[in-house]
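S.K.: Handing you this structure, nothing more for now.
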């Protein structure tokens with residue numbers, strides 16, 4: 001996938017502006033009613049919900065119940081790391097925010113002694129909006145920033161693993177202080193391990209149908225996937241952690257995805273922009289960057305005699321998704337992400353997009369042309 005900038009039509013920007021003026025989240029029908037007549041007619045012709053889903057870098061559908069659809073804008077704020085240093089940021093052209101993120105969240109413990117600014121300046125915020133925010137009052141700006149900060153925390157939690165982790169505080173005696181704001185799953189750790197002795201009498205959740213968990217899965221675009229599969233991956237992840245002191249996460253270099261195939265299948269196809277797909281696995285391949293390598297069918301059957309010297313990929317699954325960065329080298333996706341991308345590739349309907357984290361930024365995979373489009377302006 002190529003990372004490609006995206007321009008937006010005037011209809012999308014008008015809808016974005018309406019939602020922002022209403023605090024960043026609004027019922028779709030009401031939002032459409034606030035548009036100009038010609039824009040309402042345009043959305044009516046193509047379908048408002050379809051229009052919103054096709055603008056995945058601007059909007060996110062958060063609720064859809066009995067015909068009522070709640071949508072919110074996608075914003076990504078960047079706070080300057082140098083601003084909190086003693087010398088402060090000296091870059092006059094710095095495009096990042098110098099405001100205290102904890103003040104935005106209402107949790108700054110330093111008050112007037114805080115080294116960072118507690119003043120909201122629309123001029124510095126404008127860089128992060130695709131529409132003009134001139135005239136927005138301070139309350140609206142703070143509400144939009146709070147939503148962006150919360151969304152960023154959730155995305156950061158999903159940066160390395162498309163399936164969210166289990167909250168480590170939820171399973172403690174005190175519990176999780178963030179409650180509904182927590183970006184991680186609130187589920188019994190022993191249940192995931194298959195060792196909970198309390199069964200139905202356990203005071204902790206033993207399923208993902210609880211409202212908080214459903215929202216967390218929705219934030220990771222996982223609400224349509226099989227819950228038993230998610231439980232299986234979580235269980236495997238926790239087993240790795242219990243038997244190894246090393247981290248379970250792996251870095252991914254974003255750029256162009258491809259999907260490898262097992263031996264006996266056609267070679268990896270290449271798209272004009274360098275993307276390639278074919279069937280392969282979640283494990284790391286023997287020769288990670290070899291473009292014409294296939295998946296070793298002998299290894300899949302458990303009997304490759306070449307071991308680490310094999311010229312093909314040694315993977316545990318018959319498919320493997322990879323990204324190619326601007327440097328031109330192929331990188332395999334982490335195990336969990338490989339499974340999720342493959343599942344979405346098989347299930348998404350035409351026109352839909354799948355979110356993925358690339359170099360810490362959120363993108364939407366467009367499978368039609370194998371590109372990654374930035375989700376945020």
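Positions of Cβ are set from backbone N, Cα and C atoms, glycine also.
Heads up, TrEMBL stuff is auto-annotated, nobody curated it.
Copied straight from TrEMBL:
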ZN_FING   99-121  zinc finger
DOMAIN    99-121  domain 'C3H1-type'
ZN_FING   161-189  zinc finger
DOMAIN    161-189  domain 'C3H1-type'
REGION    238-284  region 'Disordered'
COMPBIAS  243-256  compositional bias 'Low complexity'
COMPBIAS  275-284  compositional bias 'Low complexity'
ZN_FING   290-317  zinc finger
DOMAIN    290-317  domain 'C3H1-type'
DOMAIN    307-377  domain 'WWE'
S.K.: What does DSSP give as the helix, strand and coil breakdown of the zinc finger (161-189)?
M.R.: 4 helix, 2 strand, 23 coil
S.K.: Within the zinc finger (99-121), how many residues are helix, strand or coil going by DSSP?
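M.R.: Going by DSSP assignments, the zinc finger (99-121) contains 7 helix, 2 strand, 14 coil.
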S.K.: Counting only residues 6+ away from its ends, which parts of the chain sit with a Cβ under 8 Å from the domain 'C3H1-type' (99-121)?
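M.R.: Long-range Cβ neighbours of the domain 'C3H1-type' (99-121): 79, 83-84, 86, 88, 138, 141-142, 145-146, 149.
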